[in-house]
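**Q** Under the heading transmembrane segment, TrEMBL lists 19-38, 139-160, 172-190, 196-216, 228-251, 257-275, 351-373, 379-397, 409-428, 434-454, 466-486, 492-514. Taken from TrEMBL, the feature domain 'Major facilitator superfamily (MFS) profile' applies to 91-519.
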Amino acid sequence: MDFDAILEDVGTFGKYQKLVIYCVLLPAVIPCGFHAYAQLFMAADVVHWCKVPELEHLDDMEVIKNLSIPVELKNGIPQYSSCSMYDLNYSYIAANYPDIDDVTNNSAVVPCVHGWTYDKSIYTNTVATEFNLVCNKDFYPTLGLVLLAVGGIIGNYIFGYLQDTIGRKPSFFIYLLIESIFGVATAFAQNFPVWIIYRIGVGFTVPAIMATPYVLAIELVGPKCRTLCTILSNIAYSMGLILLAGVVYLVRDWRHLALATTLPFVCFFFYIWPMPESPRWLLARGQFEKAEIILKKMARMNGKSLPANYMVHLRRKYESDKLKQDLEKEKSRKYGILDLFRTPNLRKKTIIITFIWFTNTSVYVGLSYYAPVLGGDEFLNFFLAGIVELPTYLFLWPSMERLGRRWTLCMSMVVGGVACLTTFLVQHEAYVTLALYCVGKMGISSSFVVLPLMASELYPTVVRGLGMSLSSVLGMLGPIFIPLVNYLGSDILVLPLIIMGALLVAGGIASLLLPETLNQHLPQTLEDGEKMGLDTDFCCIPPVKEVKPKKNAFDNCKKCNTLCTCQIVNVSLSENVAAVIDKTGENVEFILVK
């Protein structure tokens, strides 16, 4: 049953859909961004240096550092060492200060002996300061981000299956319950291993917590409004990042931050009444009675008047179509992931889409993670990383319609990548680096909207779900790998930006190897998917095929006066006309001359 045809009768984007999407589904996207990035500030690294108990009675911190901490170059800037101190008799220094000469000349340097002193002018308390995750343990916060991403991959697979099995609505509240439990529990972790376990539990629902509102919004509207819903969902996600920037600016203790980024979303459980189940999914699962209730409500709120016997005829058609589908299902072929790689053209497109998906996911998450450590005000940096995404949506839609998907995707990635690479030339100019970072974030935000749409238009219908799942799951390996890249930035600030810029440029160039999908028919079969793009020029939208005129069967074989068989696959004769199917799949009538 064509649900889009039903939507034409009850309203494709009327008052009902607008109320549900604007008031329920778009706010439901926000928890994803909160829980994906709050951990950056919970485990934020702060300025620290070796603790020297003998000198703590001195009031001037600069004097204490001068007497005990060596100076090192970090990113070309001299700074007090974070993990080493002079090996001196500090009891003697404390007893004779200030009547002592410079005792630090030619003094040996050793690792911190009595722990660390933390600068609490920015953060009151973080996971790093409370559990001393610094120096030889400074990798632990990065490990936390890696395991958060691992939990996301596992959860996305499990909850994707759950969403298709028990429905979109119950799945969302299961995600929300798990996220709320582990999010609140995070605030009460007493050691780092327990904290890691709770963060894996939170990561288990990221990004699954965003998928359900997005899918439900797409399934409630007609085909022409799906791109609008996609852009609105991305805007809601960006707004979540902007709100999170305000929350982390106001809340500087990691335990309070865990509660502040979780407890407000408990109120989303009130959505259990206004949030509908997807009527499209209900019909697909044979739950006609429940779908009928939603469709009637949708028609009433959208001001559509349905005939008295509309639902009766709809039920009959549904039962008839379902019977046909069941019969066809028994005879139909089962498709698998290997079908995406059987033929050369489809295999090429699958590999390219997956590679671009990996680069997009890696760089988007990487740039969002990197904002707080970019230098300068980390809260302002994160706020800018979220707000620069909004202008991209203003020109994205007209660009996709005029330039096409492929060139919009290519230009977004290449411009963003070049901006990131250019930071190498201005690495000591903080404001210029920040401006280039923002351009890079705008580029990757744009491409992240175009890619799923273009991929869905390239994969054939029979394997579209498999193709999208394969590319997105392999793409989610990026958030596992990218925190390790950012970890390298602790010594060379712009190195992660250079790596991410190179990935973006490579992905942008690779996108030109894909065919344009603007105004093209969606491929239905594997054969359609194999043919699509074979005649595509490297830089242009493929031209519309012209209908070939009938030609004489002996145009190429006038000498032998026989039917040429070099390109013929099948021939059906009817009197003096032969219907010839050649190797391109075209059916051309040839006039037989005798």
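Cβ coordinates come from backbone N, Cα and C, glycine included.
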**Q** Please indicate, using numbers and ranges, the residues of the same chain that are 6 or more beyond the transmembrane segment (228-251) and have a C-beta under 8 Å from a C-beta there.
**A** 13, 21, 25-27, 29-34, 37-38, 41, 210, 213-214, 217-218, 221, 257, 260-261, 368, 379, 382-383, 385-387, 389-390, 393, 396-397, 445, 448-449, 452-453
**Q** So if I exclude everything within five residues of the ends of the transmembrane segment (466-486), which remaining residues of that chain have a CB under 8 angstroms from its CBs? That is, six or more out.
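**A** Result: 142, 145-146, 148-150, 152-153, 156-157, 160, 335-337, 339-340, 350, 353-354, 357-363, 365-366, 369-370, 373, 452, 455-456, 459, 495-496, 499-500.
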**Q** For the transmembrane segment (434-454), what are the same-chain contacts with Cβ under 8 Å, counting residues 6+ beyond its ends?
**A** 227, 230-231, 234, 238, 353, 356-357, 360, 363-364, 367-368, 370-371, 374-376, 381, 384-385, 388-389, 391-393, 396, 400, 405-406, 408-409, 412-417, 419-420, 422-423, 426, 468, 472, 497, 500-501, 504, 507-508, 514, 517
**Q** Given a Cβ distance threshold of under 8 angstroms, which distant residues of the chain, six or more beyond its ends, lie next to the transmembrane segment (257-275)?
**A** 20, 23-25, 27-28, 30-31, 34-35, 38, 41-42, 169, 172-173, 176, 179-180, 183-184, 186-187, 216, 244, 247-248, 251
**Q** Determine whether the transmembrane segment (409-428) and the transmembrane segment (351-373) share at least three Cβ pairs under 8 Å, counting only pairs 6 or more apart in sequence.
**A** yes
**Q** Quickly jot the same-chain residues contacting the transmembrane segment (351-373) by Cβ under 8 Å, restricted to those at least six beyond its ends, or write none.
**A** 36-37, 40-41, 44-45, 145, 149, 241, 379, 381-382, 384-385, 409, 413, 416, 420, 437, 440-441, 444-445, 447-448, 451, 455, 458-459, 467, 470-472, 474-479, 481-483, 485-486, 489-490, 496-497, 500, 503-504, 506-507, 510-511, 513-514
**Q** Hey, would you say the transmembrane segment (19-38) packs against the transmembrane segment (172-190), going by three or more CB pairs under 8 A that are 6+ residues apart?
**A** yes
**Q** Could you please provide the mean pLDDT value for the domain 'Major facilitator superfamily (MFS) profile' (91-519)?
**A** 86
